[in-house]
């Protein structure tokens, strides 16, 4: 939680420079403690597994979070019963009139298709467009990150020769950024995808900022300059066994996949995997909720015009 201090206290500038989260009395007066309302658009086939992964991360923060689950259509999912979907998920028509503090859009196993070939691409575009006026901050994961960067900023991805699967080391691309508070200079994150957007294209876009990247895996954390959209080109939510499950699933399907890099002990699939990203994943989601949802969102969600970018709010 933030440290509330008097307006114009000299310590404010010093603490901000040291990456300490402070909030002026003036800004605090416009906020009150209430649950953060977060919508999750779950595009993964195994809905329950993905729900659990994301709720685990959201539950590691000191903030109270109310979650709504959103589906892209009312058809039965391959790995999740229609009863589960009808009981726990909402359709877009149920929420389009609402505003939310945060939206998380998950990845999807669609990495080798052009976006326009995805049967529900028009629905994805509609929800992304809606989010820009109805949600304080949107977190896009993996495939959704590529989809968002394409739809909002026109950045095109390129197919890789082989699937990029494994746990890769990343480094911060900038210092003293709120989203990176508490991050080590180098940290690990899982990747599982068939495409990438060249990092040079993202760096060159004036509306985007690359916060973390990998020599092997490319851009990882990309933030829009208005602080409203965070693109996480990876899977910080993955549990320890997820890459192993994907690898053995592909083996069983006769795909002959590459062994996930830096994942199994001694790179041997017969040995257990080593999870090196859980603390980073928790910190990433905690920082997003704290600094880009709680810090920016209006108390009255009906007035989304009260949102101000972090750079402006941190000077208040």
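Placed from the backbone N, Cα and C atoms, the Cβ positions cover glycine too.
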### Message
According to Swiss-Prot, 163, 249 bind substrate; which one of 131, 133, 192, 279 is annotated to that same site?
### Response
192
### Task
Fill in the CA-CA distance, residue 142 (active site, acyl-thioester intermediate) to residue 235 (active site, proton acceptor), as an integer in Å.
6
## Note on the structure
Same-chain neighbours of the substrate site, Cβ within 8 Å of the mean position of the Cβ atoms of 163, 192, 249 and not counting those residues, run in sequence order as 165, 243, 246, 247, 250, 257, 260
### Query
Just how spread out is the substrate site if you go by the largest Cα to Cα distance in Å among 163, 192, 249?
14
#### Entry: Number of Cβ atoms other than its own within 10 Å, given for residue 235 (active site, proton acceptor)
22
### Local Cβ density at residue 163 (substrate binding site) - other Cβ atoms counted within 10 Å
20
